[in-house]
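According to TrEMBL:
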ACT_SITE  Cys2  active site, for GATase activity
DOMAIN    2-199  domain 'Glutamine amidotransferase type-2'
BINDING   Leu246, Val278, Ser352, Gly353  ATP binding site
SITE      Glu354  site 'Important for beta-aspartyl-AMP intermediate formation'
Amino acid sequence: MCGIFAIFSSDGAPIEAQCLEGCKHSLRELAYRQSGRQRHRGPDSTGVQIIAEQGVAMVHERLRIVGVEWGDQPFVSDDGNLMLVANGEIYNYLELSALIAKRRGSYKPKSDCHVILELYQDYGVELLQHITGMFAFALYDKRSKELLLARDPFGIIPMYIGEDAKGNIWVASEMKCLTACCKQVETFTPGEARFGRVGAMRRWRHFEQPWMQELPTLPCDLSLLRSTLENAVRTHLHCDVHFGALLSGGVDSSLIASIATKIMRETNPSYRLKTFSVGLRDAPDFEAARQVAKFIDSDHTELVFEIEDALDGIRDIVYHLETYDVTTVRCSLPMLLMARYIKSTGIKMILSGEGADEIFGGYLYFHKAPNYKQFHEELVKRVQQLHLSDCLRANKVSMAKGVELRVPFLDTEFVNYVMNIRPQDKIPGPLNQFKDEQKSRLEKFVLRAAFAEDYLPDAVLWRQKEQFSDGVGYEWINSIRRVATSHVEDAEFALAAERFPHNTPTTKEAYYYRSIFEQLFPGDAAARTVVRWVPRLDWGCPEDPSGRAQAVHQNNSEQ
């Protein structure tokens, strides 16, 4: 995983030197400087390719994970006509490499993403139907002056696109590279591709599935669910560096750690996965994580943080996240401390459990879904907004410290299977029809039931959902809310709608984060890249996103 940056001239002609902050910059200087704002994503190397006569600059900030020795980018085709900057991991690259080698006689990929360049020469834009993984990339054809931009189906990997005053197109992994130079900035839509010359690019969705529009009718098969997730974890273990796993003590991260351990022990029976937890002293998550670590015999580390240490980073986290969403900010500060610690241990890749709540209906407010149709529609909305919440947080926080985070629950094949399961098998509460027993009313019942045999301790397997910001310690939510609120006077909050007409903050905490965001990323275009994460108010849910606020939590002591 890395950072990508590119500039493409509006007319395929040279781009004149530009002034920025009082200094005149050549195209190369400008590209290197602006990409430097995301250089934390690629601490291992920076690669730059310029086609000055066509006004094209491509920069790659690399974190070496796969193909450590040969995988530095931008990649250039053998004939010099194609250039590629790609961010992410192509999980089926070994199979694709074998097919390429069979057609050509020989082929050795420089890294997993190198197959994108080779597949383009064989399939053109249809290459997107062949690759599986998390990705965002920009590919330029020097002969035709055409470019191909694409992002993975669920937006695991971030990508933004902007346009400057002269109509030049800018692309970057993080918005902070674009806002100083582009009058228009937007999030590149997950599952979308664009192709053509600048100003005449065709847009289409390369990922479309029936479950996005239709109510599923497929009964859940527990054995198929289990094998599909195990296959997903197996593909996510390809890397050439040391890796570990986040272990919050919730069922999602615990299952990923358990499955990964079983797979690694197929070839190394004494293998011990490195696992990590973070929280306040005596946090609810710690005890559950200890049980899992003991059960799977992992090499486990607990990172205990003080509230003041995390609160110091509020401005930093808004900068790295590029959002003012309350839920995302709350969750991210402890995670930032953990990412920094993990990097200090020499680990560069980490497994995590993001995505399970969205595809299984794991958030506590899903207990209030009134019927199957609305339950499924809410799942679809949550999946389609992952790039604005959980995926955004997981990627940008880990990459802020140069750690790649992988999410097996969002493997494309696994998501397609789970989202095709009929809602009556997944919905929590009394509407669940999968089995006539009390446990089936617990959120994510089918996931838990699929792994009931020798994967986790029962106390963790059947543990109720704790949202990460709750599980690290109940006092964390109270403290960050109190401190953020103290920065906002009644008089200025009364004018919130006037100052922030779009996504008007409804609490002082939200107002504080929004004010910081505006200082860092001024302008309406940047503000509109953010969507607030809130439960379904029309289901009778409170607006506060904390899991304990949803009145179905077993420990609702939030005072």
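Heads up, residue numbers simply count up from 1 along the chain you see.
In case you wondered, yes, glycine gets a Cβ from its N, Cα and C as well.
Rounded to a whole number, the distance between the Cα atoms of Leu246 (ATP binding site) and Glu354 (site 'Important for beta-aspartyl-AMP intermediate formation') is 10 Å. If you measure from the Cα atom of Cys2 (active site, for GATase activity) to that of Leu246 (ATP binding site), you get 20 Å. Residues Leu246, Val278, Ser352, Gly353, recorded as contacting ATP, have a largest CA-CA distance of 15 Å. Around the Cβ of Gly353 (ATP binding site), 25 further Cβ atoms fall within 10 Å across all displayed protein chains.
For Ser352 (ATP binding site), the same-chain residues 6+ apart in sequence whose C-beta sits under 8 angstroms from its C-beta are Ala245, Leu246, Ser253, Ile256, Ala394, Leu405, Arg406, Val407. All protein chains shown were included, and the count of other CB atoms within 10 Å of the CB of Val278 (ATP binding site) stands at 30. Predicted-model confidence for the domain 'Glutamine amidotransferase type-2' (2-199) is 94, expressed as mean pLDDT. Residue environment of Leu246 (ATP binding site) contains 28 other Cβ atoms, counted within 10 Å of its Cβ in all protein chains. Burial estimate for the recorded positions (Cys2, Glu354): highest at Cys2, by number of other CB atoms within 10 Å.
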